[in-house]
Every structure is written in C-alpha cells, then in structure tokens.
Amino acid sequence: PYEKIGAELVKEVAKKTDDVAGDGTTTATVLAQALVREGLRNVAAGANPLGLKRGIEKAVEKVSSTLLASAKEVETKEQIAATAGISAGDQTIGDLIAEAMDKVGNEGVITVEESNTFGL
C-alpha cells in the first residue's frame, strides 16, 4: 500500500510543479522519488512515519526560505532572454521568448504550439 501512495505522490508532485512553474518537473519528480524511497526504507527500519513527515516539513521550510532569500527578480529584457535561454537550452529561443514577453507585458499570456512547418 505504501508503494501505491508513493507513486501517487510523485505523480501529484510532477503535476503541481508543471501547473505552478511550468518547468522543473524532472527535478521535482527525482526529489519526490528519493523522499518516498528513503521514507519507505526508514519506516521499514522502524522509524516513526509522523516523525519523518515532521522532519520533511521542516526541511521544506528551510529550503524554501533559503531559495526565496537568494532569488533575484528578472526584470529587464536581457535578463528574461538569458533566463529563458538557459531554461530552453537555446539562446535563440530565449531571445524569442524575451521579445514575446516585451510585447505582451508581465501579465500577458504567451502560447507556444508545436508546428510541423519548418522554420515557423
């Protein structure tokens, strides 16, 4: 039963990460999978599941606060292009995303669709 719960948890983590951030699902899935695996191993060795849960919650709070403290605002078109280029693994795509964001503004919506037409 724990394995099924773990699989559902990992699936939910990936979905929520995609919904909230649109990126990072692989990292979130790997982290969730490791948490489930090590959690099950510790429970099997006699650890208290509620104690593990509390420890994980404290760790999440610490990691979240550390990440938020080190986060930097991405404001300029150049910063957007650099960040998007790193995320996409292609600076040309980063430049296109920055250009699109420049046109629609911070509250605008950009929809990207796959095309079968080369070059478009």
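Positions of Cβ are set from backbone N, Cα and C atoms, glycine also.
According to Swiss-Prot, the ATP binding site annotation covers ASP23, GLY24, THR25, THR26, THR27.
In this view, GLY24 (ATP binding site) is surrounded by 14 other Cβ atoms within 10 Å of its Cβ, with every protein chain counted. Summarising the environment of THR26 (ATP binding site), the number of other Cβ atoms within 10 Å of its Cβ, over all protein chains shown, is 10. The least crowded of the binding-site residues THR25, THR27, judged by other CB atoms within 10 A of its own CB, is THR27.
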